[in-house]
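Asks: This is the structure I want to talk about, given as structure tokens.
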Ligand SMILES: Nc1ncnc2c1ncn2[C@@H]1O[C@H](COP(=O)(O)OP(=O)(O)O)[C@@H](O)[C@H]1O
Ligand SMILES: [Mg+2]
């Protein structure tokens, strides 16, 4: 038995499927724990979760170990996660601001995390023709997957993050971009949830930026980062769908690539408005 082996409680609990995720098959709740398949980024994610526990960051599950079935065991984080159909509060501006604050708290907490020797983030392999990532140096191991399904709310506020599977070194502006992507949201309105189709997206970007406490230089880079990341994501999503299959392939087959192309066009049409809202005094 190594230190990672999870010792089951003597009381047996049923396995209750947790729905709403995008790609991980078979996420279940067992008592006060969650069991998930160990993903390709687990060496980084596990070190990260241990670090967050060490420094007492409250906004993430704790890693309890690996169970007899080889699954990772995490604490179940109590609260409310936006399922589908989305709840009306997805459009609420107070909740939106609380997302910006939680992303900031996480980024500040993780800023002191050093990736252990020998651990490599699971990232896409560069291919010829792949558009470049933004040129800004990494500042934190970002969460980079701030979907409504990955944020637990309590008392009407974003309280914790789950699903660190795509965590990787990024700049803070990438983190804010990722939160805007899902919560502003940055997409063609035709692709937005009906509850977010008529919202004032530049205004919501500003709310997130202010709640995060985004620097002036990062505000001036946001649109550029959004366009570059969007272009690159078409390639990376395609690559991951081909390599991993499963939920990734399903998303690709369901047209995620076309949605990314529509986002790029929408961003170009709305760049000035978003830039203006972010950088206005
Ligand atoms: N530690 C946790 N605490 C509470 N709920 C969780 C936890 N982990 C996962 N869930 C729930 O299960 C859903 C799917 O899990 P997630 O880890 O996000 O999988 P996926 O990789 O498929 O997105 C989440 O959207 C959330 O509702
Ligand atoms: Mg998820």
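Glycine is no exception: its Cβ is also placed from the backbone N, Cα and C atoms.
Curation does not apply to TrEMBL; its annotations are automatic.
Features from TrEMBL:
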| type | residues | note |
| --- | --- | --- |
| DOMAIN | 136-196 | domain 'Aminoglycoside phosphotransferase' |
Asks: Kindly report the helix/strand/coil residue split of the domain 'Aminoglycoside phosphotransferase' (136-196) according to DSSP, in that order.
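Replies: Secondary-structure breakdown of the domain 'Aminoglycoside phosphotransferase' (136-196): 21 helix, 15 strand, 25 coil.
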Asks: Mean pLDDT for the domain 'Aminoglycoside phosphotransferase' (136-196), rounded to an integer?
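Replies: A mean pLDDT of 98 is what the predicted model shows over the domain 'Aminoglycoside phosphotransferase' (136-196).
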